[in-house]
Amino acid sequence: MDEYEPLLLKDFEDSKKFPSLSLVLALCAACIGGTFQYGYNISIINAPTAYVHDFINQTWKERFQTDISEDVLTLLWSTIVSGYTIGGFIGASVGGVLSVKLGRKMTLLANNIFALTAALLLGLSYPAGLFELLIVGRLFTGINAGVAICVQPQYLGEIAPTSLRGAMGMGTSIFITGGILSGQVVGLKELLGREEYWPILLASTCIPAFLQLLILPWFPESPRYLLIDKGDEEGCKKALKQLHGAKCDQEWEDISQERNNLAGLTAKKPWELLRDRSVRWQLLTIVLLNAAQQLNGINAIYFYADYLFKQAGIPSDKIPYVTIGTGACECITALTCGMLIERLGRKALIGGGYSLMSICCILFTLTLTFQDASPIIPYLSMACVFAFILSFGLGPGGVTNILTTELFTQTSRSAAYIIAGSVNWFSFFFIGLVFPFIVIGLQQYCFLVFLVICFSVALYIFLVIPETKNKTFLEIQNEFNQSPNNRALPDMLSLGHTCTYST
């Protein structure tokens, strides 16, 4: 048994390892103006909906001396809301390029220009009597969110030691859910949810931007970017010491090994990555996971939540407070996932999350179908809402971005984030466009569609994706390429083509 003692001791030490204070503060500085903004701006647009409608109608009447038609009002409101997703798509498309040109940290700092511009436009829309500023402002908030969701996970994954990469990566999900919860709280009528405050509520997106501009400059650029992309050995060593302390030899060795392995290679463009057959399984994985993150039914759950709360007898004026409970539930789950990810691993959490969501889809369909059968059924439906949110936060909500970081080496990572981010934002836009028609056509049976998606993704995860816990980026790449399941399917496809041609 003596030969296993060093391994057991290493595992024990890894489990006891905690991030330095500097590393935690760097995480907070990156996230507060990054994915916190993403969640916050998704959330705050809900509270002033009626007030913005009145503002558009009032402005239209002053311009044209007639009330706006219901169809035009709906179109303008839809444009304001969808501007966020269009901006997100644009931001994701440019974020990877900027992260290579400027660096991860400088891109996050420069990204605040979009947030501050958006805050100015949104805040001035009412005093200026121009609802068009709301459309442009939401477009800029979307660009800000798109760049952040693309660059911030890269920064966190590259500054974290291997043993803490999963926990650090969960900062993305924790701050998204924290942003959603903060937006729900600030949007209450006791704070900025009253009619006279709605421009201030929308403009409050400037606060996280100012905080990041004040705090993030005190922390270093990504050590991997400094050494591998810029060849700055002194800058890399200085950054490692600031983030990890004097004992950073292992991190330096990992980065040096990756640099030597990538010697002579430059950062790839998205189209170059798409043509690279050596990473086709990694690409397929991130495309599938990022599409599923938006198409798995989480939006449908939030859509039905208000209806279910009313059915359970909760007064309409109290529903916003119950909705805060769903935001708190998702936030707590993200925190729990952050504590579990280095023990259970990525595969168990994201695969288990999708498996539990599949079960919830079945139960939710049954409870909605028999909603009037018993007084207890609405409460069971509410339980399904919280169970689905917990399952989503446990894995798919947080682990997806971590895997996008871990499945690629330095020269491919930025391009991978452009592709993953574009797929994620397009899926976000698509589900917002198509979902109302799915609900109208299938009603409660729409969750059977999400059941198929969740179950298929869970099956893919268990069959294809290797565990990445406590492995370097090079080890993950090698294991992914050597996996028997990943080699079997191409062989099957090749055999299929041969049979087709032979017939």
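Note: Cβ is positioned from N, Cα and C throughout, glycine not excepted.
The domain 'Major facilitator superfamily (MFS) profile' annotation in TrEMBL covers 27-469.
As annotated by TrEMBL, transmembrane segment applies to 21-40 (among others).
TrEMBL lists 75-97 (among others) with the feature transmembrane segment.
Beyond the transmembrane segment (109-127), the same-chain residues lying 6 or more positions past its ends with a Cβ under 8 Å from any Cβ of the stretch are 33-34, 37, 55, 91, 95, 98, 102, 133-134, 136-141, 143-144, 147-148, 151, 198-200, 202-206, 208-210, 212-213, 216-217. Residues or ranges marked as transmembrane segment by TrEMBL: 109-127 (among others).
Beyond the transmembrane segment (133-151), the same-chain residues lying 6 or more positions past its ends with a Cβ under 8 Å from any Cβ of the stretch are 33-35, 37-38, 41, 45, 52, 76, 79-81, 83-96, 98-99, 104, 107-108, 111-112, 114-115, 117-122, 124-125, 172, 202, 205, 209, 401, 417-418, 421, 424-425. Among the features that TrEMBL reports, transmembrane segment is placed at 133-151 (among others).
Per TrEMBL, transmembrane segment is recorded for 163-185 (among others).
For 197-219 (among others), the entry in TrEMBL reads transmembrane segment.
Sequence annotations record features per position, and here TrEMBL assigns transmembrane segment to 319-341 (among others). Among residues of the same chain six or more beyond the transmembrane segment (319-341), those with a C-beta under 8 A of the stretch's C-beta atoms are 43, 47, 166-167, 169-171, 173-174, 176-178, 180-181, 184-185, 187-188, 193, 302, 305-306, 309-310, 349, 385-386, 389-390, 392-395, 397-399, 402, 469.
Same-chain residues lying 6 or more positions outside the transmembrane segment (348-370) and placing a CB less than 8 Å from one of its CB atoms are 289, 292, 296-297, 301, 304, 337, 340-341, 377, 380-381, 384-385, 387-388, 390-400, 403, 443-445, 447-448, 450-451, 454-455, 457-458, 461-462, 465. TrEMBL lists 348-370 (among others) with the feature transmembrane segment.
Distant neighbours of the transmembrane segment (376-403): 149, 153, 157, 165-166, 169-170, 172-174, 176-177, 285-286, 289-290, 292-293, 296-298, 301, 304-305, 308-309, 311-313, 325-326, 329-334, 336-338, 341, 346, 349-354, 356-357, 360-361, 363-364, 367-368, 370, 465, 468; these residues of the same chain sit at least 6 beyond its ends, with a Cβ under 8 Å from one of its Cβ atoms. As annotated by TrEMBL, transmembrane segment applies to 376-403 (among others).
Beyond its flanks by at least six residues, the transmembrane segment (415-439) meets 81-82, 85-86, 88-89, 91-93, 95-97, 99, 146, 149-151, 153-154, 267-270, 272-274, 282-283, 286-287, 290-291, 293-295, 299-300, 303, 404, 407-408, 446, 449 of its own chain at Cβ-Cβ distances under 8 Å. Annotation comment: TrEMBL describes 415-439 (among others) as transmembrane segment.
Annotation source TrEMBL lists transmembrane segment at 445-465 (among others).
Through the fold, the transmembrane segment (21-40) approaches residues 105, 108, 111-112, 115, 141, 144-145, 148-149, 151-152, 155-156, 159-160, 164, 168, 171-183, 205, 208-209, 211-213, 215-216, 218-220, 242-245 of its own chain, all at least 6 residues removed from its boundaries and within a Cβ separation under 8 Å. Remote same-chain residues near the transmembrane segment (197-219) are listed as 22, 25-26, 28-30, 32-34, 36-37, 40-41, 44-45, 47-48, 51-52, 55, 105, 108-109, 112, 115-116, 118-120, 122-127, 134, 137, 141, 144, 186-187, 191, 242-243 (criterion: CB distance under 8 Å, separation of at least six residues from the stretch ends).
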